[in-house]
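S.K.: Straight out of TrEMBL:
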type	residues	note
DISULFID	129-156	disulfide bond
DISULFID	272-299	disulfide bond
DOMAIN	52-99	domain 'Sushi'
DOMAIN	100-158	domain 'Sushi'
DOMAIN	157-241	domain 'HYR'
DOMAIN	242-301	domain 'Sushi'
């Protein structure tokens, strides 16, 4: 169906026909009335997320009307920036507004980011480092109209040093009879806000559970994280050896002590020189209170009673004191010698032997042909007879105990 649109020019008295919409406009020129009818030539332009600005001497969308196309902020125009209404009732071109987007931000190690409007223009993305890390670079970035991010890509660096706590210092008293002590401790407690895996370095040759010698020992620990931040701590181990005052050997005697001589638990035994006998306690022990047990022994000259009337009374003195009796065999003609009955009982030949050794049981242990000095006798007793007795005691220790 056709619609006839008429335009009448009063002066020209001309009627024109066209297809379109009838528009009547009144113009008054030179005080004369003219009535014009102009058609709206092209359809009205609309630009989503943008703006259309048209200009025409006749107004509206008539022929030769020119329109400028622009997009709102955050949108980019794709197509013509201006169009014109053509004689064929079409615009000379078209355009669309597309939303501008910035590229997705890459993930940064040890951090996360949050954005206000995603990745569109004017969106702000803040970088937040994990606990224990500090940001280096731009803390936030803005999506710009060019579709690029402002600033540069930041990094998260670990500048926090680990926390290291050593065990408390300790004092350990050496056990009885020892000058060392076994000391143990728990591993230091470490904590780092950034890393879970920490590397320990032990700066001492002695480890926990070792026997430490007497004195003060400094134990140092060092820990480092993956960023090579380090922390150190130390504590001391004091091994105390309780000691008693050093004992002086007795006059005419000497001491034989176990362990270190005067440490807690050490046992010192008193011995006397040949010809002297011990009075008092044979041994003394160094106690925890740093004092020796009992009183000091003394070495006194042997007191042998010679004014006895029988050989038994004389020999009893030797049996009680576990001594060796030295019996000489002079000539029978010597009337001052009173032990002829012993010579006869032991069948000692006066013509051949000059000296005989008897033990506490009266056993004939050794006979000497030639005269012998006292030093030679004592040396013989210590090297042979006493060694033999110790070996016999060791073999029968279970029965003796």
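Each Cβ is built from the backbone N, Cα and C atoms, and glycine gets one as well.
Just so you know, TrEMBL annotations are computer predictions that nobody has curated.
It should be emphasised that the depicted structure is a prediction, and the values quoted were computed from it without experimental measurement.
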S.K.: Cα distance, residue 299 (disulfide bond) to residue 129 (disulfide bond), nearest Å?
M.R.: 85
S.K.: Note down the number of other Cβ atoms within 10 Å of the Cβ of residue 129 (disulfide bond), including every protein chain shown.
M.R.: 21
S.K.: Across the domain 'Sushi' (100-158), what is the average pLDDT of the model, as a whole number?
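M.R.: A mean pLDDT of 91 is what the predicted model shows over the domain 'Sushi' (100-158).
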S.K.: C-alpha of residue 272 (disulfide bond) to C-alpha of residue 156 (disulfide bond): distance in Å?
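M.R.: About 82 Å separates the two Cα atoms.
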S.K.: Near residue 156 (disulfide bond), how many other Cβ atoms are within 10 Å of its Cβ?
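M.R.: Cβ-Cβ neighbours of residue 156 (disulfide bond) within 10 Å number 20.
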S.K.: So, by DSSP, how many helix, strand and coil residues make up the domain 'Sushi' (242-301)?
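M.R.: Across the domain 'Sushi' (242-301), the residues distribute as 0 helix, 26 strand, 34 coil.
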S.K.: Return the count of C-beta atoms lying within 10 angstroms of the C-beta of residue 299 (disulfide bond), excluding that atom itself.
M.R.: 21
S.K.: Taking DSSP three-state, what's residue 156 (disulfide bond) in: helix, strand or coil?
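M.R.: Where residue 156 (disulfide bond) sits, the three-state DSSP reduction gives strand.
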S.K.: Could you put numbers on the helix, strand and coil content of the domain 'Sushi' (52-99), residue by residue per DSSP?
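M.R.: Its residues fall into 0 helix, 25 strand, 23 coil.
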S.K.: Measuring Cα to Cα, how many Å separate residue 299 (disulfide bond) from residue 156 (disulfide bond)?
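M.R.: A Cα-Cα distance of 84 Å.
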